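To start, the structure under review is shown below, and the notes come after it.
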Amino acid sequence: METPKSNRVGFLLDMDGVIYKGKSAIEGSAAFLEKLRENDIPYLFLTNNSQRTRRDMAMKLQRMGIPAEREQIFTCAMATARFLSEKKPDGTAYVIGENGLAAALHQNDYTVVDDDPDFVVVGEGRTISFENIEKAVRLVSNGAALIATNLDTTCPTDAGIRPGCGAIVAMIESATGKKAFSLGKPSPIMMRMARKTLGLRTDETIMVGDTMYTDVLGAVQMGYRSVLVLSGHTTEEDIKSYAYTPDLVAPCLNAIPDEFFMPAALATV
Ligand SMILES: [Mg+2]
């Protein structure tokens with residue numbers, strides 16, 4: 001019998017489609033998190049939404065009855081800001097996006113400017129104007145590096161989809177002929193930062209998500225175990241069209257069997 005390398009595990013949990021859908025919690029997600037806490041299994045919420053700050057995201061969860069601390073939220077805006085501050089400390093950025101992105105940049109000693117920035121940083125949001133796009137196109141063609149918080153082409157809303165960060169970035173890429181560098185899932189940079197936040201090793205990390213090309217792909221690239229839940233926008237039929245597969249497919253978060261993440265020794269405690 002194969003001996004597991006480590007008894008420790010921890011979870012990186014996508015939010016939309018895993019913990020909640022629209023404005024309501026997905027049944028059983030609070031119970032699953034409770035089980036993790038009871039067994040001292042660490043977890044981190046991981047989102048490609050750069051619109052809200054981690055404090056706002058924690059509040060959103062709390063209001064749905066999901067206990068969450070701000071320290072348990074890791075957003076693509078945070079991954080982006082940390083990456084940029086390591087690459088070029090005290091830099092400048094022209095920002096297309098909302099609060100969550102500007103706050104993350106400020107926290108990492110970045111200055112938001114309108115002219116001559118080091119980077120043009122794009123997140124999603126609903127307050128973007130054509131003027132912003134025009135400005136970004138000119139700055140990028142004059143030499144600013146183009147950074148995307150994520151390349152998701154759509155954002156789910158209660159009323160249907162709306163254009164996501166990837167769709168906005170595509171306009172700028174098309175006009176300038178320059179390719180954006182993206183930090184959000186499936187970027188190994190965000191996936192690694194999240195693992196390190198929990199102090200886990202690669203073989204101890206499990207990623208749960210409802211999207212193949214971000215959550216599952218990110219985990220596959222990193223060598224993490226992955227779970228695709230069908231409580232979001234992916235069906236079992238969809239999985240067949242991808243070259244990679246998750247380690248487990250479950251109807252929802254709370255349907256992940258204990259044996260998948262609790263070695264026998266732990267489960268009997
Ligand atoms: Mg999702």
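Residue positions begin at 1 at the first shown residue.
Yeah, the Cβs are placed from backbone N, Cα and C, and that goes for glycine too.
Nobody curates TrEMBL annotations by hand; they come from automatic prediction.
For the recorded site, Asp14 (active site, nucleophile), the DSSP three-state label reads strand. Cβ contacts within 10 Å of Asp14 (active site, nucleophile), excluding its own Cβ and spanning all protein chains shown: 26. According to TrEMBL, the feature active site, nucleophile maps to Asp14.
Annotation source TrEMBL lists active site, proton donor at Asp16. Around Asp16 (active site, proton donor), the C-beta neighbours below 8 angstroms that are at least 6 residues distant in the chain are Thr47, Asn49, Pro156, Asp210, Gly232.
Residues annotated as Mg(2+) binding site in TrEMBL: Asp14, Asp16, Asp210.
Sequence annotations record features per position, and here TrEMBL assigns substrate binding site to Lys185. Under the DSSP three-state reduction, Lys185 (substrate binding site) is assigned to coil, being neither helix nor strand.
The 6 Å Cβ screen around ligand 1 retains Asp14, Asp16 from the recorded positions Asp14, Asp16, Lys185, ordered by sequence position.
Looking only at other Cβ atoms within 10 Å, the busiest spot among the binding-site residues Lys185, Asp210 turns out to be Lys185.
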